[in-house]
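K.L.:
Got these off TrEMBL a minute ago, pasting:
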type     : residues  : note
TRANSMEM : A:12-32   : transmembrane segment
TRANSMEM : A:44-63   : transmembrane segment
TRANSMEM : A:69-88   : transmembrane segment
TRANSMEM : A:100-121 : transmembrane segment
TRANSMEM : A:141-159 : transmembrane segment
TRANSMEM : A:171-190 : transmembrane segment
TRANSMEM : A:196-216 : transmembrane segment
TRANSMEM : A:228-249 : transmembrane segment
TRANSMEM : A:255-275 : transmembrane segment
Amino acid sequence: MMLMLTDPFMQRALIAALLVGITAPVVGTYLVQRKLSLLGDGIGHVALTGVALGWLVGAGMGLTPNDALAIPGAVVAAVIGAVLIEVVRRRGRTSGDLALAIMFYGGIAGGVFLIGVAGGSSGNLMQYLFGSISTVTDGDLWLTVVLSLVVLAVGVGLRHALFSVSHDEEFAIASGLPVWALNIIVAVVSALTVTVAMRVVGLLLVSALMIVPVAVAQQVTHAFGRTMFTACVVGVVVCVSGLTITYWYNVSPGATIVVLAIAVYAVVSLVAPFLTRRRPAHDPHPDLPDDVDLPAAATERAVAAAKECR
Amino acid sequence: MTDTRQVTETSEPVIEARGLHFRAGASHILRGIDLTVDRGEVVALLGANGSGKSTLVRALVGINTPSAGTVRLLGAPLGTGRRTAAVDWSRIGYVPQRASAGGGIPSTAQEVVASGLLHGRRLRLPRGWRDQVEAALEQVGLADRVRDPVHLLSGGQQQRILIARALVREPDLLVLDEPVAGVDVASQEAFAATMERLVDGGLTVLVVLHELGELEPLVTRAVVLRHGKVVHDGAPPPARHDHDRVGHRHQHPHADDNALGAEARVLDLEVRP
């Protein structure tokens, strides 16, 4: 265990996993709340084009290593993609689904196409698709730290406003809230989270880290704030323990983390019914008169029914 | 609300709509609405399903962008985008017709009502927000439900949560869209009592109603919409014959207003004693 903690590669990887474990569920909570669970996937696909674009520009400028601009490229492409999805969603709600689908295909195809133009092969994209946490450098780590702090500052600091907009957008408009700006903020923060998580779990599995912890949390809590907090705990636990497993066994960190998260989901969904049933039963019916005058016999039955509930 | 504000703004109408048109695709839903609501008035907006009542109040609070015409709220013009900033949203409360489908995550009564404390450029909850939320829930008789998830409450209770969400910011103007649709008489009476207390305290109200019901004694003026036009603006019109029979009770099952055409017939289901 000590060996793992003193290994500088592992130290960087653990810090990155910890940050991703917290930030991804925070953003994921808002996405699930607005029923946009697949947005993270859409952004992830677009980010792949950004990675390839970064390679192309880097190769053109003769930079070494030739993927020096891959992450900045991914950040830019992801932000643009997320804002575009939001614009489409705003203009016509029904076509948002279609726009997302086109972005999925366009992102992957664009990435593979551009990496070819840049003189690489689609094999170069694998580390971005499935993560490569062991290759995290000091520079990558700093970028991860800064982006995570931005995501957390916005996601936690503005949580009440973002909740209002995600819960009932029309009421938020009728309250004069800057709904458009808040929606864009959610989109941008989602994009940043995708690029932060890219190194840890890979673009194809990013969305799982945003959504699965929230799905776990939802089964044990009935409040928005507590769902977000529980999801973060689940996220940190699966990210750190998943990464630890890969230190001892030669398996993909991204895949291990996601499989672990889904296993937690399965276990919790089996156990949750027993947890909730333990709460004391209470009478959900208020003792109020209704709008009909009952005959005497029915009134007696109503009194009896009220007693049974108690 | 401070006294100076009361003095400087008494002359301004609380709501002022001029030449309001609203089109959704081929349907011309609002066809030139003029509406003024002055301070302290309780105005009932009446009309059949599909006459444009909901569309009108949604245009008045900025949800629907009118195709033509202007709206002024508390003396400030209601525009789109950045221009809505002129309106003092802290003084306006809106109660939608029914709970939105809600999000994918359950939330508590406290969380939903607290979102009513955010408005305009205020994006963070003020100090003591828990007490304010509790007081608002107290007003609608749901103080014991603070921590209950909203989706497990009954339809009538959810409606009251929406009212609490509008009341929590202590508005001077309350805009309600059918607040008592599908709510039993006892709750309607409790709602009317709450409204009476607030109106005595100087609240201005614009309320969409199907019939005046328990709110009748409070209503100072009625505006009747037909086919997207104001056809009556003045004293509350008497109910249709047979509606004043002793012991007469009403329930109105509602289809989606927006889905119904202008000629959709009114559904009246009477539960006779």
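For all residues, glycine too, the Cβ spot is worked out from N, Cα and C.
Nobody curates TrEMBL annotations by hand; they come from automatic prediction.
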K.L.:
Honestly, do the transmembrane segment (A:171-190) and the transmembrane segment (A:12-32) touch, with at least three Cβ pairs under 8 Å and pairs 6 or more apart in sequence?
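P.N.:
They are in contact.
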K.L.:
Which residues, given as numbers and ranges, are at least 6 beyond the ends of the transmembrane segment (A:228-249) yet have a Cβ under 8 Å from it?
P.N.:
4, 7, 10, 13-14, 17-18, 20-22, 24-26, 28-29, 133, 159, 200, 209, 213-214, 216-217, 220-221, 256-261, 264
K.L.:
Which sequence-distant residues neighbour the transmembrane segment (A:196-216)? Criterion: at least 6 residues beyond either end, Cβ under 8 Å.
P.N.:
13, 16-17, 19-21, 23-25, 27-29, 31-32, 37-41, 43-45, 47-48, 51, 71, 74, 127-133, 135-136, 140, 144, 147-148, 151, 190, 227-228, 230-232, 234-235, 238-239, 243, 253-255, 257-258, 261-262, 264-265, 268
K.L.:
What stretch in A:12-32, A:44-63, A:100-121 has the biggest tally of Cβ pairs under 8 Å against the transmembrane segment (A:141-159)?
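P.N.:
Comparing A:12-32, A:44-63, A:100-121 against the transmembrane segment (A:141-159), the winner is A:12-32.
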